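Colleague: Got a structure for you, questions after.
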DNA sequence: TCGGTTTCCGAACAATGTGTTCAGCAATGA
DNA sequence: TCATTGCTGAACACATTGTTCGGAAACCGA
């Protein structure tokens with residue numbers, strides 16, 4: 001049995017309101033009161049569904065997580081999600097800027113980094129469960145570089161294409177990762 | 001002529017209060033009211049010196065910037081600041097955790113990333129003003145990886161040593177950077 | 001269509017935080 | 001000493017958060 005229609009409507013309205021507002025002012029600057037007004041729901045209703053602004057964000061980012069998982073094994077070799085994500089970011093530039101730009105927030109970045117980190121870790125472990133660089137550091141470094149490229153692109157004026165970004169990411173990170181994973185060539 | 005003694009005392013008290021409070025709850029959670037109370041100064045006094053919590057932070061981070069500059073050319077090759085910074089972070093682990101951990105904030109991370117980014121950019125340009133990867137992306141990626149390692153270490157339980165962190169950073173990033181900078185071997 | 005269940009409303013509330021103002025007192029440095 | 005500068009502290013308007021609760025409304029299944 002699906003959710004009560006009212007619940008579906010309410011949650012969607014909230015989700016939609018958060019997205020819209022983020023596009024306008026970035027995640028950090030959005031307030032619960034604004035979400036309520038925009039979604040045109042009662043205050044108590046909001047808190048009946050979510051505890052926080054953060055809570056809404058997490059729910060909304062589940063979509064992104066699904067997207068990334070779907071593209072996990074794109075292309076050849078590691079980091080299949082990379083190009084797809086850059087392309088997605090390119091289409092949704094405003095949204096990505098709202099999420100990752102200066103007006104984003106630690107919460108957003110950390111969450112996205114976490115989601116991507118899971119993917120990266122899975123792939124790295126599959127190739128070598130005990131790499132030369134401690135796994136947690138390796139994952140952190142790779143994801144850190146990726147997120148930084150994404151953020152820089154979202155915030156800056158440079159019109160890099162998704163392919164350029166993907167290439168930059170791979171050129172920067174792949175040699176070090178390959179070395180850390182050892183001789184066995186990842187396919 | 002130096003600053004009025006009262007000014008010096010007030011600013012130092014504010015600086016000190018922010019540091020203490022960050023150690024206890026992380027930058028984000030600290031409030032201006034708390035700083036005022038801890039520093040034992042009047043509210044209007046605070047706003048006479050700083051506009052913001054952020055403003056105080058920036059002033060405080062100038063120290064860090066000086067430190068990093070002083071170690072810019074440590075060791076051989078690029079990223080001389082790296083080991084010194086990790087060592088500094090090791091001694092001041094609590095402070096670094098307060099700054100970069102989950103309870104830190106975008107403001108803090110961005111500012112530190114900016115400071116480090118300046119250093120990295122200077123060094124990269126010195127070796128090759130037009131690397132294979134667009135300079136801004138290269139810098140972003142390198143700094144992103146570095147910050148991520150620092151943050152992961154500050155937040156996690158793993159007792160990595162500064163030397164290990166420095167090694168991990170270099171192993172991950174150096175090959176890609178060298179390739180991007182081209183054949184001329186950086187000294 | 002009925003009827004019990006679930007959700008929504010909305011207004012009020014206490015708590016907390018921000019940034020400003022101003023008149024009077026106190027410390028400073030020359 | 002004394003003019004200058006900085007500090008005080010309380011009050012203020014304002015914004016935001018998260019909770020509460022009785023009554024109205026919508027929903028879903030029979």
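The backbone N, Cα and C atoms fix where each Cβ goes, and this holds for glycine too.
Per TrEMBL, the features are:
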type	residues	note
DOMAIN	A:8-68	domain 'HTH tetR-type'
DNA_BIND	A:31-50	DNA-binding region
Colleague: If we skip the immediate neighbours and take only residues 6+ beyond the ends of the DNA-binding region (A:31-50), which ones have a Cβ under 8 Å from one of its Cβ atoms?
Modeller: 7, 10-11, 13-14, 16-18, 20-21, 56, 59
Colleague: Need one number: mean pLDDT over the DNA-binding region (A:31-50).
Modeller: 97
Colleague: Going by DSSP, how much of the DNA-binding region (A:31-50) is helix, how much is strand and how much is coil, in residues?
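Modeller: Residue counts in helix, strand and coil order: 15 helix, 0 strand, 5 coil.
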